[in-house]
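Asks: Sharing the record's features from TrEMBL:
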REGION    1-37  region 'Disordered'
DOMAIN    144-218  domain 'Cation-transporting P-type ATPase N-terminal'
TRANSMEM  201-218  transmembrane segment
TRANSMEM  230-249  transmembrane segment
TRANSMEM  380-404  transmembrane segment
TRANSMEM  434-460  transmembrane segment
TRANSMEM  1003-1024  transmembrane segment
TRANSMEM  1036-1057  transmembrane segment
Amino acid sequence: MSFLNGSSPRRHAAESDIEAGPSARRSADLDDGDFSDPFDIARTKNASIERLRRWRQAALVLNASRRFRYTLDLKKEEEKKQILRKIRAHAQAIRAAYLFKAAGGESRSEPIKPIPIPTGGEFPIGQEQLASISREHDTAALQQYGGVVGLSDLLKTNLEKGVHGDDADLLKRKNAFGSNNYPRKKGRGFLMFMWDACKDLTLVILMIAAAASLALGIKSEGIKEGWYDGGSIAFAVILVIVVTAISDYKQSLQFRDLNEEKRNIHLEVIRGGRRVEISIYDIVVGDVIPLNIGNQVPADGILITGHSLAIDESSMTGESKIVHKDSKDPFLMSGCKVADGSGIMLVTGVGINTEWGLLMASISEDTGEETPLQVRLNGVATFIGIVGLSVAVVVLIVLLARYFSGHTKNSDGSAQFTAGKTKVGDAIDGAIKIVTVAVTIVVVAVPEGLPLAVTLTLAYSMRKMMADKALVRRLSACETMGSATTICSDKTGTLTMNQMTVVEAYAGGMKIHPPHKLESYPLLRSLLIEGVAQNTNGSVYAPEDANDVKEVSGSPTEKAILHWGLKLGMDFTAARSESSIIHVFPFNSEKKRGGVALQTSDSDIHIHWKGAAEIVLACCTGYIDANDQLVEMDEKMTFFRKAIEDMAADSLRCVAIAYRSYEKEKVPTNEDLLAHWSLPEDDLILLAIVGLKDPCRDGVKDAVQLCQKAGVKVRMVTGDNVKTAKAIAVECGILGSYADATEPNIIEGKTFRGLSDAQRDEIADMISVMGRSSPNDKLLLVQSLRRKGHVVAVTGDGTNDAPALHEADIGLAMGIQGTEVAKESSDIIILDDNFSSVVKVVRWGRSVYANIQKFIQFQLTVNVAALVINVVAAVSSGDVPLNAVQLLWVNLIMDTLGALALATEPPTDHLMDRPPVGRREPLITNIMWRNLLIQAMYQVSVLLVLNFRGRSILGLSHDKNDHAIKVKNTLIFNAFVLCQIFNEFNARKPDEYNIFKGVTKNYLFMGIIGLTVVLQIVIVEFLGKFTSTVRLNWKQWLICVVIGIISWPLAVIGKLIPVPTTPIKNVFTKCGTSGSGRKEREESQ
């Protein structure tokens, strides 16, 4: 019973939620599931190889190459790791050689400067020389070419403005140095899928039986008549193979397209002086690329300028050590991640000419991945398969015993086998037909298509989710999202539009209206322009035509402040040229601020800070007043704090801009000391506090309400201050009113961080809003919620969100604002950064689960009915009404066509009217048991009555015996198939009365039903020789249709029967527990 429910019975009531566990247990332990059941893996996200191997070994499989095609290929995974180890060893050898060279460099004499070898092309340096410098990290060779400046001249690149970027220039570069792509391993062709489908053990046995039957038939009856029996089985098997291969091949093409989409990263490059967004595949040698925290290094290159730039090279070297990059070690390897800081690089190697390109070309990236539902369905298929196999063996023994004992009769009443009289060939032919029927029962009984239906519905869902702006990176996330009980969402860009504008400003000790009117404050204005222009990751491109609109790039916050700076009268290029940057402290989500040290044209040192208003304000000891005079902060601190509170209450993001002067003598002159210099952040002078408006997205309130109705709690986790978070949460509907905004409903990150594990677990459920949170606070919240038994979905965009995205059951990265590090740690990428798209993912997740349940209900009904009819008939009369060819056709309807029809049902609003599906809930619910048993009992009863009393009921008593039996068996076969066609409509809506709702919109379903009906008519009316059927008259067709159509009102009546909420398996478990409890009490007395 445990297999049928897809999980194991629990022994104690205390274990009713295995997911929750004791509060002190780490959330990672929750992933293991029940070790006694190999098919119970709660989360495949971080499952061990041993655990994955166990369920494969436990599964009853007829065709391993097909069944395990979309699961993780454990052998390939090991090969991939070995290749990675080799390439990483190479990278480490290069580093060791580089360090050895650097250590002995002082004692060596300077080698002769090599002359660049003309390539006969457009550039005086060739790909081989560039590759040699980059791969070998050859600093000496780089210096001999004149450093990065000399190299840029050879590559005809301007280090500030980049390449020209016109089509002719890009084509020349691609021809000379290659494109940023690598050869993909060729995908499997259609014939390979055909070959895989042929490997099914039962189909192989049937083909052998068909060949033997063909040979014996031709021998005894001649080629004209003798080939029908064997040929029909062979044709049916080939049809099954072809349809299976087509379905599998189409799925593989969908996955291939999705994998291509996953690899297609978009990033900014500088071309012609402006920042443009391009695909990673369009990068060329000579491109100038800005790098920020969380970016992936898209190609091999050399650092032009960098500020505290730290690179995580673990993807190449296997070491988690962060490497700092500067002029001494300027080499950047493709595929690595920016761990901290920022910089600008010159591309020197692309595609196959990089270590990363070689690595990607040498490994097969898509080695598959199993999902929890897939594993559980393998358990269901194994259980059903064992039952089916047992039935087939019983049928085989009974039929062979009856046949060889002379109890199996011909239509004229004579024994089919008489010892000593029947020819050997005829005896073998009879035995082959019996074996064929038994093997075909196995084909029908072992639901090979059941676990593959998950892959089919996931492939369909993933393609459709792309249209709904969600790119699925991990298959399992697609279905896990249907079980999500809580979503921890960012505020900026997810719940809001991410279109920020400065709407309020406080400067000179007062509110400025309009917020850019600072003409009467020359000193304050000049300092603000200096800080805005230099302390930014964004940029402003001014077209040559002065009338054209200036292009501002950067994050939404940076863009808003740069636009404000332009309104102040800032000339971005001029402002940046008036001072030079000494050191940068990049914006940090932990410290919530970023700073820059400048040297002005007068050799003064200015340190500018920008960040969360109340945090920067706390570091200020003075401000510049309306007379451009420096004034002590004193009582004005209260005024500025009140200003921040007022702006936050209006749901504005508050950013403070401050600066201080610094003694030049205290600035480190040594490059190493400067790289680790902590910018002074005390005694700051406040320049301005600005309020940025970021309106809520349209429809976000409806989306939040839909989640709440569906039993999914939405929590906001934001870095903004608590008052801003509160205002937005009320506007979005996360908080019902301001009256709800009390602890612990709304909490500050540092308060939550300061609690113990037990205290955090206690209040985690109640938290709706967390303000001023760090990425680590988000991780702690996720861990607490998971320990409480929640299935947690988390959105994230920053590099520091990676641990929380990884820890969550479903990590959702933002496609627009998200860094590559966040995207790689995520399971699904929300392409439009919109919360409404997150809700659509929940609907799709529920749809996946619901569709699989529909398919299970439909398939089990067919299984039970076909098995019972054939077993009862075989045991009682020694003959089976459904022969091998007919059963193969039923199997095709049930497996491939049924999966296509039911597994591709689009999601409906009805899915959001029910609570989330628990990960331990049985796959086959009580409602499904009721539906399938009613239908199966009806089909079995009607068809067995027809089998035993069909001749008299159908008025065939006066017909010839042989013809009457054929008509009766044809009618049973036809009625059985029509029952499945009508029941397919019932399976669409297991718990709704209107089974036709939305059916006309599902063209695939209608197409498959239509195709099945047409093929059934063709089989019965025109292919009788192959299927052992005869033509039916209109009255007999009407009887079949009536038998089939009765399943509709029967389903409606069935739905009126109430079912217990306790799963069937729990009832048995309780009975067992109470029984053993009574026994123990009796023994103790």
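Cβ atoms are placed via backbone N, Cα and C, with glycine included.
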Asks: Rank 380-404, 434-460, 1003-1024, 1036-1057 by Cβ pairs under 8 Å to the transmembrane segment (201-218) and hand me the top one.
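Replies: Maximum Cβ contact count belongs to 434-460.
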Asks: Considering only the recorded stretches 230-249, 434-460, 1003-1024, 1036-1057, state which has the highest number of Cβ pairs under 8 Å to the transmembrane segment (380-404).
Replies: 434-460
Asks: Over the span of the domain 'Cation-transporting P-type ATPase N-terminal' (144-218), how high is the average pLDDT in this prediction?
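Replies: Within the domain 'Cation-transporting P-type ATPase N-terminal' (144-218), the model's average pLDDT equals 83.
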Asks: How about long-range neighbours of the transmembrane segment (230-249): same chain, 6 or more residues beyond its ends, C-beta under 8 Å?
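Replies: 66, 69, 190, 193-194, 196-198, 203, 206-207, 209-217, 436, 452, 456, 884-885, 888-889, 891-892, 895-897, 899-900, 1025-1028.
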Asks: Going along the chain, which residues at least six beyond the ends of the transmembrane segment (1036-1057) come within the CB cut-off of under 8 Å?
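Replies: Sequence-distant neighbours of the transmembrane segment (1036-1057): 930-931, 934-935, 938-939, 942, 954, 967, 971, 974-975, 978-979, 981-983, 985-986, 991, 993, 995.
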Asks: How many of the residues that make up the domain 'Cation-transporting P-type ATPase N-terminal' (144-218) does DSSP mark as helix, as strand and as coil?
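Replies: Result for the domain 'Cation-transporting P-type ATPase N-terminal' (144-218), in helix, strand, coil order: 47 helix, 3 strand, 25 coil.
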